[in-house]
């Protein structure tokens, strides 16, 4: 027999060899086990009538974990008669064949003649003296001819990983590696960092409990523990409480194909694969295990999060107190303005007009304006202080009368409009209309959030039970678990949206209460001053901001492609509500109802869901969506341009819809092509349509995978465009920006700029495979607990809060201006 006999290290080996020899002699001809030497290469041949058995013995020191690695090789390329290797240990058996076959996508097969496996190490014994261990290696084949093989058994010197010490090694599909790590006494959590210079071949990093057998092959590595796919970088956070023995294995497996990591799918492989293939699939890896953060850091991070946003509450209290002192001083001096009780910063005396004398903007015959006020006065005469919703007539009681319809056409189609022209309805009715926004969004939030919470809990449960960390796209280098949550820091950072949303509700409530008190004390004719105060949309915006925090936290429980829509749904609603509020400011009578607005949001969210499902590669979806986008933009532009008075149907016309369409095109596009009747609106709508058509063309050409962000970009661009137009027109009309709205505008711009900087620091991307996404992972940057995206959460919450304050205070300078002097744009 080939092999070199060496003396047994103890009596146990001699006894076993003698017993095996006696048994073999009693049973008939056979091969006796040969004592093997570690580090020696054994060469031999086997066939159906011969079998080789090697025995390797070693001495284990007390408290020491010893690992043995077996290297085998066979020159045989015959898959019908592989060489079988069976390793018998004290508590287990490990077997494999050479050539070793791996199966890939579409049943492709990959054959390896070189195989090496680490045997499950012996557990340390409590004995104070060394113990002796023995391993048998059986080599056999059913081939009718001799098949040559090589065998090498070695003891691993660096089997146990050390804290904060990098370790380099090499692995391949047929030569996986795993190592042992023991928690130090003062460490409760560690992060396993694995890096490689090469992205491919694709690999898998697994953390498994100290249980034999160890699952270290491509087809079984997912059977136990926690695992991640990897290209250049991987990171797994491991907690001591999850391992009762306070130790675990770190397993490294190289996959036979790269498609799981985003690589190309190889062509079908036929025939045999030689040793050259083995060398092509090797990968150099470096593993470093570092301690994670301590519990005290969790406490510091929570205090930081809450105290940071409680400072906004303190600032609001200080501003309110200063304002109260100023009001009391003016009250004692007898200089309160008509609308001062609503809590606005106003001038001491009403001014007669907001535009200088001789200004061309808003020029209109005074008799016409007074006639309008005479027409509108019966609707607005209501008992002072009756601001309740009970016994209020429905809006339809005013809108269905023919003379009222005729009056609307007269008023709203004038070349120059004032706020008094579009605030003629009873204030109680309009307030009731806008309060529906608030109650509806609460209902929507409850019915939307409950199934979302249930779904993400299911996601997190699946991750915890299966150990598959490829399901969720975390920043694994800064993912701090707490309880069942894998990335508590990404959830905690959303507390700002909820706290600042609630603070905004309190600010709006204060203004609402002060306004109600002022209405109870003032004469009815003072209602003709300033922007009409309707707070329903502001309440809805506050609820939307809070729900954005809730749903963003739900999304970050397990961020992935399927549930990203949860993070963006209320972003659509926030942007839409802001545009509606901005339009409502000077168009209170003709703004969209809550039912139509929320129905439009429902359509947008439905399109977002369809985009997630069909938006990746289906051209037909993008064609339909682009058509809907362009036609919707045109329809909305028409309604805005004609102040809601454009009607296609004309019952008095013989030709009906066609004749009306021709007349509109002739009048507005041909006869007045040189100068539109409503120049300011036309400029805004032309720019807005160009922006929206550009978005539609971009989507049709490039078909971005992140459809939810694509829709959100459309909303945000339209909101910014409208806000810029509003501020420009306000300044053009010689209106002023008071210190508080000016501060809010500057703060909004600065905070949004900082927030967007951190937003574009991409830390993960579900547009790529989980392994490719992990290449973007980066360490924490704030308190050792929060990453760039968490800072984005903090800053975006503050930016949205300041944005809301801009809308709330932008027209405070008009509180002492008569509405028949406030232009509409």
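Going from the start of the chain as shown, residues are counted 1 onward.
Glycine residues also receive a Cβ, built from the backbone N, Cα and C atoms like all the rest.
Automated prediction, rather than curation, is the source of TrEMBL annotations.
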Which range of 656-676, 740-760 is transmembrane segment, per TrEMBL: 740-760
Stretch of maximal Cβ-Cβ contact with the transmembrane segment (595-614) [cut-off: under 8 Å; candidates 491-509, 564-583, 620-642, 682-701, 740-760]: 564-583
Highest-contact recorded stretch vs the transmembrane segment (682-701), from 437-457, 707-728, 740-760, 791-810, CB pairs under 8 Å: 707-728
Cβ contacts under 8 Å made by the transmembrane segment (620-642) with residues that lie 6+ beyond its boundaries: 412-413, 607, 610-611, 614, 678, 681-682, 685, 688-689, 692-693, 695-697, 699-700, 703, 714
